[in-house]
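Taken straight from Swiss-Prot:
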type	residues	note
SIGNAL	1-19	signal peptide
DOMAIN	26-79	domain 'WAP'
DISULFID	C49-C70	disulfide bond
DISULFID	C53-C65	disulfide bond
DOMAIN	108-159	domain 'Kazal-like'
DISULFID	C116-C146	disulfide bond
DISULFID	C120-C139	disulfide bond
DISULFID	C128-C157	disulfide bond
DOMAIN	186-279	domain 'Ig-like C2-type'
DISULFID	C207-C263	disulfide bond
DISULFID	C299-C351	disulfide bond
DOMAIN	299-351	domain 'BPTI/Kunitz inhibitor 1'
DISULFID	C306-C334	disulfide bond
DISULFID	C326-C347	disulfide bond
DOMAIN	359-409	domain 'BPTI/Kunitz inhibitor 2'
DOMAIN	409-540	domain 'NTR'
DISULFID	C417-C489	disulfide bond
DISULFID	C420-C491	disulfide bond
DISULFID	C431-C540	disulfide bond
CARBOHYD	N493	N-linked glycosylation site
Amino acid sequence: MPALRPLLPLLLLLRLTSGAGLLPGLGSHPGVCPNQLSPNLWVDAQSTCERECSRDQDCAAAEKCCINVCGLHSCVAARFPGSPAAPTTAASCEGFVCPQQGSDCDIWDGQPVCRCRDRCEKEPSFTCASDGLTYYNRCYMDAEACLRGLHLHIVPCKHVLSWPPSSPGPPETTARPTPGAAPVPPALYSSPSPQAVQVGGTASLHCDVSGRPPPAVTWEKQSHQRENLIMRPDQMYGNVVVTSIGQLVLYNARPEDAGLYTCTARNAAGLLRADFPLSVVQREPARDAAPSIPAPAECLPDVQACTGPTSPHLVLWHYDPQRGGCMTFPARGCDGAARGFETYEACQQACARGPGDACVLPAVQGPCRGWEPRWAYSPLLQQCHPFVYGGCEGNGNNFHSRESCEDACPVPRTPPCRACRLRSKLALSLCRSDFAIVGRLTEVLEEPEAAGGIARVALEDVLKDDKMGLKFLGTKYLEVTLSGMDWACPCPNMTAGDGPLVIMGEVRDGVAVLDAGSYVRAASEKRVKKILELLEKQACELLNRFQD
């Protein structure tokens, strides 16, 4: 028995060591990280590097502090050996409502959650928002609202100009503009230049922009799909990272990473978009070889279908007539003969004849500091805007005056639409109208040949109805005829916003009718309350007595 005493500490140590894998360490939470059970169990926080932590105590009781793809640690739901990786019943977003503007339901770890939208349509539909910024389209505004936890709504656009339309001031006003001066639209410090990187290499695209206030920068890769992925600063997207200064870094380049990467910079004064071409080649591109003149068919993508094996990872450049420049297309070739160019530069030199249109280039400030006010054309906004030019390394989209810019570039000559004018204010409009409703616009059908159209409205409240019996019939939807509409500048503007509207109009032959002077305004609580007070006090009857 005495001989066993020296062995007791050793046996106790072995016992504790054998159970170390099942019991949590000192201060740690029970369970293991998801990727310790299966490499496929990378969850959201581990792939986007959110919710950073240094130990389990920084996380909730049911979470572990696990390593993420950025080399740091994030809080994620703990897993246990033998537990199912996913719930037995399939989760669903049906009936799950996301109250935050710009968020959509998604399934995460077997539960429905709300995520901010990260893909938007690539078609422009410029939207001025209540935060003073101009967005590429409505989807971009909603995504930004979700990211910042705000509610943004559409407002009428107001174009801010930094200088008067006249020529620049005296020579002594070349000092750097003071912070208290008027807002300045975004401008690049240098023109985007095409880059070529070998497979497995690293590429860096820097959207270095100036502007006042400092512009917000996002990136997206142009594709042939309906929507593009919006890439924001301080985020990782696969092998792409966008840094806090608006620099896009692509690691371990693959052939399918080739394409046009578009930088969007915006502030309260304007919007700028610039394309950065990136080619991914199998070998070091030859610099001395002169490009051969291709056949016209070689510049265009191969549209014929081949029955043989395809090359999904072979991406070539072709000329896109609609865009006026080269873009990437998936390589299609019969018997291995793929048609196209390996780099953007080779495609442009061979297929883009002539110097090109300077008006489609982004505004470039340049690295010098001889500050001068200049004008540049924005193909997105279809108008000329002022910017600060440094004095060197600019491009052709650089004009001394607004007049010379508008003479050189396709500025629409039609005057802007004026604000819709009501025939009378709220009280008088209410008394002169046959109906007053609160509803949401569901559809607008234009009939330009008849100078009219039809608006379908989902009713929320009937405030006044003298001739249609909407409440008695329990009508939920009302079809309103739009009379005398100029669809170039529609009044009343029945397409503005998607919130509830106060709509007042006439009834002709049993049909609700709106004309250019009809009352259509946003249904604010104050406005609806005012209408109810007027109806309760029988203000219209008193007004008719005075008129008689």
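Any Cβ shown, glycine's included, is placed from N, Cα and C.
The structure, with features from Swiss-Prot marked on it.
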{"residue": "C53", "record": "disulfide bond", "DSSP (3 states)": "coil"}
{"residue": "C65", "record": "disulfide bond", "DSSP (3 states)": "strand"}
{"residue": "C116", "record": "disulfide bond", "DSSP (3 states)": "strand"}
{"residue": "C139", "record": "disulfide bond", "DSSP (3 states)": "helix"}
{"residue": "C263", "record": "disulfide bond", "DSSP (3 states)": "strand"}
{"residue": "C326", "record": "disulfide bond", "DSSP (3 states)": "strand"}
{"residue": "C420", "record": "disulfide bond", "DSSP (3 states)": "coil"}
{"residue": "C489", "record": "disulfide bond", "DSSP (3 states)": "coil"}
{"residue": "C540", "record": "disulfide bond", "DSSP (3 states)": "helix"}
Legend entry - Tertiary neighbours of C299 (disulfide bond) (same chain, Cβ under 8 Å, six or more apart): H318, Y319, C347, A350, C351
Inset, instruction - List nothing but the one residue from C351, C417, C491 whose Cβ has the fewest other Cβ atoms within 10 Å; the candidates are the disulfide-bonded residues. - result: C417
Legend entry - Nearest recorded site to N493 (N-linked glycosylation site) by CA-CA distance, among disulfide-bonded residues C65, C128, C263, C540: C128
Inset, instruction - Count the Cβ atoms, other than its own, that fall within 10 Å of the Cβ of N493 (N-linked glycosylation site), considering every protein chain shown. - result: 13
Inset, instruction - With DSSP as the reference, give the number of residues of the domain 'Kazal-like' (108-159) in helix, strand and coil. - result: 11 helix, 16 strand, 25 coil
Legend entry - The one of C139, C420 whose CB sees the fewest other CB atoms within 10 Å, among these disulfide-bonded residues: C420
Legend entry - Tally of residues which DSSP labels helix, strand or coil - the domain 'Ig-like C2-type' (186-279): 3 helix, 54 strand, 37 coil
Legend entry - Nearest of the disulfide-bonded residues (C116, C139, C489) to C128 (disulfide bond) - Cα to Cα: C139
Legend entry - Residue, out of the disulfide-bonded residues C120, C146, C347, whose Cβ gathers the largest set of other Cβ atoms within 10 Å: C347
Inset, instruction - Determine, to the nearest whole angstrom, how far the Cα atom of C431 (disulfide bond) is from the Cα atom of C65 (disulfide bond). - result: 66
Legend entry - Residue among disulfide-bonded residues C53, C128, C263, C326 with least C-beta crowding, 10 angstrom cut-off: C128
Legend entry - Residues of the domain 'BPTI/Kunitz inhibitor 2' (359-409) by DSSP state, where helix covers H, G and I: 9 helix, 16 strand, 26 coil
Inset, instruction - Taking the Cβ of C540 (disulfide bond) as the centre, count every other Cβ atom within 10 Å, in any protein chain shown. - result: 17
Legend entry - Using Cα positions only, nearest of the disulfide-bonded residues to C491 (disulfide bond) (C116, C139, C146, C263): C139
